[in-house]
Amino acid sequence: MLKQILADMYIDPELLAELSEEQKQILFFKMREEQVRRWKEREAKCEQNEVLKKSHKPKKASQKTVHWQLGSNQEVWVWVMGEHSSDKPYDVICDEIIADRARQQAEKEALERRKVQEVELSKRSGALTLHTQSEAAWRQNAENKKPTKEENSTVEQTRINNENQDRSKTQEKEIQKLEERTQEIYMNWKEAQEIKQKLEKEDPEWQETLRKSKAADERRRSMAKQARDDYKRLSMQAIERGSVAERAKNFGGEVKRPPLPPKPKPASTVNNSGISRSERRQGIRRVNSSCTRENIIKWFKEEQLPLQAGWDRSGTCVAHWFHGIISRGQSEDLLKNQAPGSFLLRVSEKIQGYVLSYHSEDRTVHFLIDASGTSYSFLGVDQLQHATLADLVEYHKTEPITSLGKELLLYPCGQLKDSCDYSDLIE
């Protein structure tokens with residue numbers, strides 16, 4: 001089933017609903033691994049194609065290329081803000097951004113003021129005509145007086161000095177006004193931001209939302225880390241098992257395995273169409289959300305009952321922890337008054353598979369069991385395969401299901417008094 005999900009990169013919503021949070025994280029981790037693997041394959045193919053194209057294509061003299069800067073680990077160099085000792089704190093960066101925006105706003109206002117002043121000056125140009133005529137008459141009189149060259153140069157220098165002083169004073173006033181306006185805008189924006197932050201901190205609903213968001217983020221990070229740890233741990237266990245089996249084979253020994261249930265009668269290993277049990281199990285595929293209770297019952301009787309699924313390891317009776325097609329809520333009701341470590345294994349009401357419901361100190365968690373192949377395992381981790389459901393339960397009596405939850409199957413939860421929820425499966 002896991003291989004099919006990774007091949008399609010899709011999981012049916014009904015199947016996803018049956019997964020625990022831990023299994024979801026493991027599944028998402030493996031799907032991400034598959035995405036990265038496919039991306040690397042495509043990149044390698046593209047590089048090969050580019051090499052082939054370049055080998056057959058004449059080189060251009062002015063061909064431009066882009067090369068990524070590499071770090072000491074030969075990976076693309078990446079700068080993460082805030083990690084270096086010389087990086088500015090977040091508050092300082094925010095203040096600089098606000099100050100820069102305030103200066104831009106003040107400059108924009110000053111430019112608009114100058115445009116307005118230019119328009120006003122152009123309107124007043126008509127009123128200056130009379131003054132121009134008077135100035136022309138004055139110049140005529142001045143020419144008649146014929147001042148000396150020394151007087152002309154002195155007057156001209158005085159005029160230039162006065163103009164420079166006026167221009168300098170005007171620029172200083174404009175700069176001062178710009179600085180004052182920039183500071184005013186900065187303080188207004190800063191005050192508005194502080195008021196907003198203060199209101200948010202004082203708002204109980206916002207505080208509760210923030211607390212829940214932080215708790216959810218922390219839980220997601222913890223689950224993602226746990227999923228990676230579980231995947232590595234179970235991978236190492238699978239490698240160790242393979243090494244032990246190989247050494248035993250080399251020395252002529254045999255690895256002791258738990259006894260399997262008695263084999264069913266030969267007639268029961270072949271269905272009416274003549275398909276063998278192994279062939280039938282190899283061909284099992286997860287059904288979609290249209291799977292009905294009748295389909296699940298038929299699947300169990302035809303595919304699982306011949307394998308004595310749900311029986312104890314001796315194969316003489318139904319296991320105490322086995323339950324029929326019951327819902328998640330019903331399983332939680334059965335376990336809510338039980339001690340931590342209690343568990344039951346039920347047939348899923350939504351898909352053709354099993355769900356192990358486990359009662360911990362603070363909640364009840366549900367783990368989907370993949371029964372689509374020739375063995376049983378928790379979905380999302382395909383290293384540890386068990387021949388029977390009883391073997392899976394027996395193994396996790398001493399080995400926790402997840403490293404974070406430390407779920408050990410200690411106390412099986414049986415049927416209620418005078419009731420049997422698997423009567424429609426096992427007659």
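Cβ atoms are placed via backbone N, Cα and C, with glycine included.
Remember, predicted model here, so these are calculated numbers, not experimental data.
Record features (TrEMBL):
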COILED    94-121  coiled coil
COMPBIAS  142-152  compositional bias 'Basic and acidic residues'
COMPBIAS  154-163  compositional bias 'Polar residues'
COMPBIAS  164-173  compositional bias 'Basic and acidic residues'
COMPBIAS  208-230  compositional bias 'Basic and acidic residues'
DOMAIN    321-413  domain 'SH2'
REGION    127-173  region 'Disordered'
REGION    206-230  region 'Disordered'
REGION    252-284  region 'Disordered'
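Assigned with DSSP, the residues of the compositional bias 'Basic and acidic residues' (208-230) fall into helix, strand and coil as follows: 23 helix, 0 strand, 0 coil.
Sequence-distant contacts of the coiled coil (94-121) (same chain, six or more residues past either end, CB-CB distance under 8 Å): 88, 174, 177-178, 181-183, 185-186, 189-190, 193.
Mean per-residue pLDDT, taken over the coiled coil (94-121), amounts to 85. Residue counts of the domain 'SH2' (321-413) by helix, strand and coil are 15 helix, 29 strand, 49 coil (DSSP-based).
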